[in-house]
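Asker: To start, I am sharing the structure in question, which I have written as C-alpha cells.
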Amino acid sequence: MVAQRYTLSALRSTLSAASNAPRQSVATSSRTFVSTPYSRSDRPPTGSFPPSSHQQNDASSSNSNAFSSSRPTSSFGTDGSAPENKQTHFGFKTVAEEDKESLVASVFSSVASKYDIMNDAMSLGIHRLWKDHFVSKLDPRGGIKVLDVAGGTGDIALRILDHARTKHFDRETHVTVLDINPSMLKEGQKRFKQTMYWGGPQVSFQLGNAEQLDSTMEVPPEPVRGPNSKQPYLPPLESKPIPDESIDLYTIAFGIRNCTHIDEVLKQAYRVLKPGGVFSCLEFGKVNVPFLAEAYKQYSFNILPPLGQMLAGDRASYQYLVESIERFPTQPHFARMMKDAGFHLPGSPTATSLGFPADSGSAAGSEDVAGAWEDLTFGVATIWTGIKL
C-alpha cells in the first residue's frame, strides 16, 4: 500500500474545521514536515514457546488502558499499564517494578558497543532499511525541534539531520537524543564525533527516563579541563527538563517495548509535543502471515540467543530481547494505547472522515484504529504515528 503523505499545516487547517476535534485552535507555523500513519537466565526449552502473542494481547486489547533504558516493557500483563501489585515483566520473568530499570540497563550496557550488530542479528540486517523508511516518511524539515527518545546510539538522530540537510538544505533542525543508559549515549556521541554536527547547535544529548521527561539532565559533549586540573573531567550533569509543548516531532525506535509503563511514556510524549506535533514509533511488531510468524518465532528463540553468545558473548541479553518482543502489544492494541493517551490517529476512521485516507494497518476487530500503523516486512517491524491536536 502506498503511504499517504500530508503536511502538518494541511492537517491543522483541516482539523480546526472539524466539529469533533478536541481543540479548535492550534498553533500555526510555517514549519512543515511529512508524516505517515503507518528503539538472563531461565531460557525456555528449545522449541517451547508461550501462548501466541496474538492470543495473549488481543484478548485484552479492548481494555487498553515507560522508559527505563535505551530500550525498559509494557507493564505486567501486556497492556502497558501499571499493575496494583507493583510488579512488571522482564521478558518472561516477573520482577518488582523498582528492579526492572536496573535489569534493562544491565542488558543495554552489555550490548552498547555491539548494538548495531545486535540489530543486524535480530532483523537480518533489514533494520537499516526500516530506519531509512521511518525517517524518509516523516520528512523532517523547517528548523523543527525533535526529541529522539531511547535514541542513545544516535542512528535515528543522524538520519533526521542528514535528511533535513540533504533534502531541504535545512541547517536549523535540532535533535535532542535522550536515553536512560550512559553507555548508549556514549556510543551516540562517538558516532556524532565522526560527523559535521559534532560540537554544533543541531544535536544535544540528555540522560533521562521516558516516563519522567520533566527530570532529565543534559550530558556535556566531552570532558573539559579545569584551570587547576591536569586531567580532563566531565562536569556535573545539569538538570534540563523537557518543557510542555516544546517539541515538534517525538521519535522512538526499538525502545518503547523496554519501558516499564508504556502508558506513562505516551502521556509524557503528549505533554512535551506542541499542538500539531507528531509522535512516531518504530518497533518490532507481530508478523501478520501465520506460517511466517511461526518461522520467525523459531528463529528468534532458537537462533538469536546462541547467536548473541557467538557475536557478543552474551546469550542472556539476547534472550531478554526476543522475550520483550513477544510480550509487546499487538499493532491494534498499541494504537489504542496511543488513542487513550490523547493522540489522534491519522489513518483511523476519524481521519478518513476528515479527508485523510486510511493507510495499511488493519486487523480483524480493529476497525476503530485501522490504518493507524504500517507493517514493515510482514509485520516484523511496525511504524505507528499519532498527532497531538
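Placement of Cβ uses the backbone N, Cα and C atoms for every residue, glycine included.
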Asker: Taking TrEMBL at its word that Thr153, Asn209, Ala210 bind S-adenosyl-L-methionine, choose the one of Asp132, Asp170, Asp179 listed for that site.
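Answerer: Among the candidates, TrEMBL records only Asp179 at this S-adenosyl-L-methionine site.
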Asker: Provide the number of Cβ atoms within 10 Å of the Cβ of Asp179 (S-adenosyl-L-methionine binding site), excluding the reference atom itself.
Answerer: 34
Asker: Which entry in the list of binding-site residues, Thr153, Asn209, has its Cβ near the fewest other Cβ atoms, using 10 Å as the limit?
Answerer: Asn209
